[in-house]
Amino acid sequence: MEIQDYTDSEFKHALARNLRSLTRGKKSSKQPIAILLGGQSGAGKTTIHRIKQKEFQGNIVIIDGDSFRSQHPHYLELQQEYGKDSVEYTKDFAGKMVESLVTKLSSLRYNLLIEGTLRTVDVPKKTAQLLKNKGYEVQLALIATKPELSYLSTLIRYEELYIINPNQARATPKEHHDFIVNHLVDNTRKLEELAIFERIQIYQRDRSCVYDSKENTTSAADVLQELLFGEWSQVEKEMLQVGEKRLNELLEK
């Protein structure tokens, strides 16, 4: 058995624990809603977590694949062996956990917020279809953050984590970040054309909702294109200055 392998019983044990902790204090819904989340690394997707938690008065289960990586039975050994490259070896475990949780929790009709990047169209399309077949209203929420700002955030996050625990710090490869950014608009357009989402919303980091398909007739992809690659607002310029200052402070430590 390789170090990245895990047994079926180890996986089931972790799954049962996640089901218990994620549903604590939550109720199932007669008309469940599932929100798929998209945006590049460092864009600030947790902003949407907070908005939706408030909107649903806490009655929504957040499924975030990254949070399951550390549950891999050999996580510490993988960290020691591969350092920051260990993400490649925990990917399978975390992905399978997300899939299993979505299947189980949707059968129980909980409101769901499923974290993703929208790197491809296939995963959100498949997930949306599965949930629609189970009677869910499926929505898409995107966070639109200028690529320079999101990549800067990944660098800050890495340095902050590195100070706490060098083994656990996870750098985001720039090509991985840029790949998501460069496909975000096209993938949003494809998903819009498939018309599988009953609602598409676009948020910015300052928590403002800048697009809602229930109110806007324009294309979400066009709005996203402008927000990602168009003119910089004053707020964005200030965010960049603050971020660069923070990164320099961390690098000087």
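Cβ coordinates come from backbone N, Cα and C, glycine included.
Listed in Swiss-Prot:
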BINDING   Gly39, Gln40, Ser41, Gly42, Ala43, Gly44, Lys45, Thr46  ATP binding site
ACT_SITE  Asp66  active site, proton acceptor
Gln40 (ATP binding site): tally of other CB atoms within 10 A of its CB: 29
Distance, the residue listed as 'active site, proton acceptor' to Gly42 (ATP binding site) (CA atoms, angstrom): 13
Gly42 (ATP binding site) CB neighbourhood, other CB atoms within 10 A: 22
Around the Cβ of Asp66 (active site, proton acceptor), the count of other Cβ atoms that are within 10 Å: 13
Rounded inter-Cα distance in Å - Gly39 (ATP binding site), Asp66 (active site, proton acceptor): 14
Cβ-based isolation winner (fewest other Cβ atoms within 10 Å) among the binding-site residues Ser41, Thr46: Thr46
Per-residue Cβ crowding (10 Å cut-off), top of binding-site residues Gly39, Gly44: Gly39
